[in-house]
Amino acid sequence: MLQFKPHASPTPADTRATLLENPGFGKVFTDHMVTVRWTADRGWHDGQVRAREPFALDPAAAVFHYAQEIFEGMKAYRTASGEVVLFRPDANARRFVSSAERMAMPALPEEVFLAAVEALVRIDADWIPSSEGSLYLRPFMMATEAFLGVRPAQEYVFCVIACPVGAYFKGGAKPVTVWATDEFSRAAPGGTGAAKCGGNYAASLLAQAEAIRNGCDQVVFLDAAQHRFVEELGGMNVFFVMEDGTLVTPPLSGTILPGITRDCVLTLGRESGLDVQERPYSFAEWQADAASGRLREAFACGTAAVIAAIGEVRSPAGAFQISGGVEGPVTGKLRDQLVGIQRGVVADSHGWVRRVSVEAAAA
Ligand SMILES: *Cc1c(COP(=O)(O)O)cnc(C)c1O
């Protein structure tokens, strides 16, 4: 269902090579994008792989007013043997469907999602950094219907763009400091916390700015109802490693985004003999366990950074460190395993890695 309209004048190879030297995150984009349209009468149609360019949208497009927008974040990697792979793209496709349902948007068939992502990876394969970096893929969908009435829109565009990104941990994995906000909430019961929608991020930005003002890297949110239980960071899930070998993470109760990295960590943790517990963990417990030494490690996880140790927690009530603020062995081991599977140097016993044939583009 995808029509190919390759870029008439793609970025020259030497310019691309310069851009790939230090791409940063989310600033350098590839030459193409994929778009598929949806209308109430025609369903999904007009799929195109085409030159990346700005959208022309009516000022009344519903996304500008009522924020019907969802997205995904995933990566294509070059493995040690030079193959191009995606990591659990089927899980992203499924989550995109559930996010769409929550936002009263049309479900994009999983096979269309996968075909679009793979088509973009294939046509822009030369943009995948060869070594430590990866190609970050951003599928998203927005309401484009020009109508100011409040109801689900009847026109949408699904789009995938891509940007090469460098190694997140260049120069070693430095533990992050998180800010526990007592004022702001990310998601409330019955709200949109489990959907990957732009609105959740808009709601988190002020708290994130507060975190930065307090010398922290990221904000960690507590539950909206009682401000007692740890939920997650603005865009990463959170785990706790106890001295007795338990691995604790907050349960998916509707206010937490069901991270694919989170799911991998649960699986790998179980397999490595940890006692995995999905249970509410209060901020008071966190503080007490860090002080007593019962808590050995804490880390955040998500596609962008994979796994990042949390070394210090600050809040309006004070600060505390976890194991002296240095990364612990369980955190490091889980990251090495996960990155190893993604890079094809650790056996993929779960069928998580999906190969993309890019011969045509490489020829
Ligand atoms: C995307 C996201 C995550 C991490 O999900 P992954 O599938 O592991 O990348 C965690 N929390 C929030 C709020 C997110 O948007």
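Glycine is treated like the rest: Cβ placed from N, Cα and C.
The following features are taken from TrEMBL:
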type	residues	note
MOD_RES	K196	N6-(pyridoxal phosphate)lysine
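According to DSSP, K196 (N6-(pyridoxal phosphate)lysine) sits in a coil region rather than a helix or strand. The number of other Cβ atoms within 10 Å of the Cβ belonging to K196 (N6-(pyridoxal phosphate)lysine), over all protein chains shown, comes to 26.
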